[in-house]
Amino acid sequence: MTRWLLPGFLAVGVIATLVLIVGPALYAVSLSFYEIRSLTSAPEWAGLANYAAVLASGEFWNALWNGIVYAGLAIVLQVVLGIGFALLLNQPFVGRPILRGIAFLPYLLPTVIAVLTFKWMVDGSLGIVTILMDDLGLPPIYWFETETASMVSVILISVWLWTPFVTTTFLAGLQTVPPQLYEAARVDGAGPVRRFFHVTLPSLRPILTVIILLRGVWMFNKFDVIWLTTGGGPLGATEHLPVLSYRMAFTLYDIGSGAAVATLSFFVLMAAVTLYFRFFPIEGGK
Amino acid sequence: MTDNKFLTGPITRRKALKGAGGLGLGLALSGLAAPAVHAAGGAPIRFLNCETGKGTLAFFSKAAAEYEEKTGREVVVDSVPLGEAFTKITNGIRSGNPYHVANVGFIGHVLLLAEEGQIVPLNELTDEYQWGNNILFPVDGKVYWYPFDYNLALIYYRKDLYEKHGLEVPATWDGFAGNCEALVEGRRKGCLFPIGSNGASNWMSFAFMWAEGVKIFDDQWNVVLDSPEMKPKAAAYLDFMARLYPTMPPGSLQASYADVLSNLVAGTVAHGAYAGRVIESAERDNPAMAEQLGIMPYMDSAGTRKAASHGYDGWVVLDTDNTGPSMEFMRWLTTAKMVDFLHTAPVHFQPARLDIYDDPRWRDNAMIRKYATEIETMRELVTDDSVVVTSIDTQGPVPDVRPGKVFESFAMPEMLQDKILRGTDSAEAVETTAARIRELVG
């Protein structure tokens, strides 16, 4: 019985992966080699024409750059703030368990609820933030009205939503650092800052490497926040590759080009992850 | 093993097998019988509805039950927001389980489906009626949809504020912008016309330009937006919108249909555009405001021409094995039930069929009686040939998918953004947009 257990479980996993992930992904890649003008029209073989058209368009490079800016800045802020909150929540104080629970709350909220709530709060006429600022005699903030403001807004929403993930993961890691290391550092005269850089960070490097990797991949592929807040606008200022792919496929009905953008996005991400592991191998932390 | 009750107890293996066999036979027979039962009424009609108001949903539920009782044919109604309709329709076709009748709110989708032979002409249902202007969109004489309403975007204004400030209903852009500026007071803004890359902007913000006589295409489908005749007009429109922008609340870039509706009903803007839904929402949520709202068409810069932004909804019948019964159902729906359906949103569902305006059954409705003046104005807009009734997706000499592409690309709202947010010279913004449209339509 046990002889078949492992291969059985493996087979289920492999079949599920093939059917639910590999199959659809290959199908999506195959679509990129066809010209498909609507969701019901017959595909026509186009070779690499969709790739050539996409790579020659300014939209693709603009979306790639936007994705790098969005993911890059969001990760930096999430990691810096997440570590900061984790260090605070690792200190003993009254009410710590409650605060730890609250700190995780934004991560539990469905994105659509968080985003729509934010949009209502900053609504230019009826939003509570707008009304409070008006009551305080402050000018209104045009949260999404300029190209820079839009990017800043979507980054801030993303930071608010996913910093708790970094906090919680890093906090869990902090519990595993042997107290003797801190005591030894203290005996050697190291202050809090030096203890952080010479004890905490090196001890948690493998965790940090994984956190940054996961957040990077997730942010680069993050669709919902941008789609729900700005739709990629204004004037393409927040349009990154997932939004561009969706727009091409489902609003312009250029399915082939949409699939080409998605495939290119996959390869860009794969290259970035490969480079990342080259510079930050997880084993290196041990 | 020997203590297995199936072998030794009151239920023997033979009994268990017999029981299972009997159960299987029963299930098989019931399964065989099921098609016979269905055959009495035929295959169900799958109906995709996109009008999701509470009253309309209740209407379809009741109508489906009534039709089944009358004919024995089941009608299965699925309801989704309009934005998801085309994906549902095409997914149904691709999966081999298509809808038989579907609600469509974008003529580009109707034309795409017609071009691919997925829907059938409905002339046998439409030819017997008189219709309002520019609503049937025939292709070579064939009408592929049954339009049930106009959703013309009109300008709503506050009658009480006009009276208080001694303002006249404007006939020119200058007059309109002046009124918007005059009515900015505290948290109340002068107007709200969306400028974001969304359907609301496409629908609500361009009829000023249509009133001015701007066309995107000429009769040969050449893009003429930046022609010597059109460019100055389009540029003047952009200058006008840039003048309105400071009188709008922050967030006009993000403003959706719902945002404009809620601002009008709450009274936080003095002007905005929408169809009859505003009146119905105000009656429900803020009745005092409903009394204060007046409507006017969009105007040009010189005060010589009026326009309304085209909006519409209709039904298509898909080319399936069930087309015949679907046509029968459509005939029943559009004759016996049309008035009841329109009454589910009496002001918003502005009839596309002209006979309905004179139908006593339709007029016998509290909302239609109360807002008879507004409804008469709406009727004039679709029967007066001097009024421009058009939209981005219905531009061009004949119905075609090309303007639909312009609509879906949001090239026109981005022209507004280029001017208003980036401060690009108006003529340059028009030229950039025209070039983009040429690229889009090939």
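Note: Cβ is positioned from N, Cα and C throughout, glycine not excepted.
Long-range Cβ contacts of the transmembrane segment (A:6-33) within its own chain (Cβ-Cβ under 8 Å, at least 6 residues beyond either end) map to 43, 45-48, 50-51, 255-257, 259-260, 262-263, 266. The transmembrane segment feature in TrEMBL is assigned to A:6-33 (among others).
Under the heading domain 'ABC transmembrane type-1', TrEMBL lists A:64-277.
Tertiary neighbourhood of the transmembrane segment (A:68-89): same-chain residues 96, 99-100, 103, 151, 154-155, 158-159, 162-171, 174, 196, 200, 208, 211-212, 215-216, 219-220, 222, 226, 238, 240, selected by CB-CB distance under 8 Å and a gap of 6+ residues from either end. If you look up TrEMBL, you'll see A:68-89 (among others) marked as transmembrane segment.
The transmembrane segment annotation in TrEMBL covers A:101-121 (among others).
Per TrEMBL, transmembrane segment is recorded for A:203-220 (among others).
Long-range Cβ contacts of the transmembrane segment (A:255-277) within its own chain (Cβ-Cβ under 8 Å, at least 6 residues beyond either end) map to 25, 28-29, 31-39, 43, 46, 50-51, 53-55, 60, 63-64, 67, 212-213, 216-217, 220-221, 241-242, 244-249. Under the heading transmembrane segment, TrEMBL lists A:255-277 (among others).
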